[in-house]
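Colleague: This is the structure I want to talk about, given as structure tokens.
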Amino acid sequence: MALQQRGERLRALGAQYITGRHTPVCQSIFKDRVLEIIQFLIDFILHIDKHLEAFVVAYGPWVYALLFIIVFVETGVVVMPFLPGDSLMFIVGALCGAGYMSYPLAVVVLLAAAILGDQSNYTIGRYLGPKVFQWEDSRWFNRKAFDQAHNFYERYGGVTIILARFMPFIRTFAPFVAGVAHMSRAKFSLFNVVGAVLWVVGISAAGYFFGNMEWVKNNLEKIIWGLILVPGLIAIFGAWRAGKAEKARAA
């Protein structure tokens, strides 16, 4: 009976396609799927502790593969800055502290993902750089802009790469821009490793030691929001100050 109903549904969809009435159906299905994905991502980020704990219980050691994929994609794919980073590190530390996972193994996996992700992002930017800055008529993507970006990253690139680790969205774009600006590969690699160690160990250790306290558990959603918003606000304020200082120098 189920197969028969499925066959009838497929024939109905086929008829809609043939008669040209498939577009609203397809659009409706696609819209519903997109909304479901967005809702799941929001829920996953805000309740990552519950989702990750459930995954550990259901799949055991495969959680380490999941952690690697999330962190690598967030740091290594420039179009995925919305994936959880800081909150993930904190929750992983808390789960390790509660005995669900091995802390040393989790740190090694997260470090590998963070370092390789940034290195991949840098390489993509370095490859695209010459193509991006070849438009001499462009206001932003010209040789002068390239030289300015290159000089900035040669002078402040190390500090930028390290601090960007603690700032959502910015940590996804910083290594890409460093590659575009042709920051020295050796210098980038050094600060990439330093930043990854400070980021992974620092936040996961905080989760390990404090994540299972009753007050933290009761206010975890607020803490996650804080980990998302506070670094972003600091970055916006810093950019505003830098822009103001640049205008003052130009005047």
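Backbone N, Cα and C atoms are what each Cβ position is placed from, and that goes for glycine too.
What you are looking at is a predicted structure, and each value in this text was computed from that prediction instead of being measured.
So TrEMBL lists the following for this protein:
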DOMAIN    83-208  domain 'VTT'
TRANSMEM  62-83  transmembrane segment
TRANSMEM  90-116  transmembrane segment
TRANSMEM  190-211  transmembrane segment
TRANSMEM  223-240  transmembrane segment
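Please situate the listed features within the shown structure.
Modeller: Secondary structure by DSSP for the domain 'VTT' (83-208): 99 helix, 0 strand, 27 coil.
Packing against the transmembrane segment (190-211) from elsewhere in the chain are residues 86, 89-98, 103, 106-107, 110-111, 114-115, 118-119, 122, 157-158, 161-166, 175, 217: each is 6 or more residues past its ends and has a CB under 8 Å from a CB in it.
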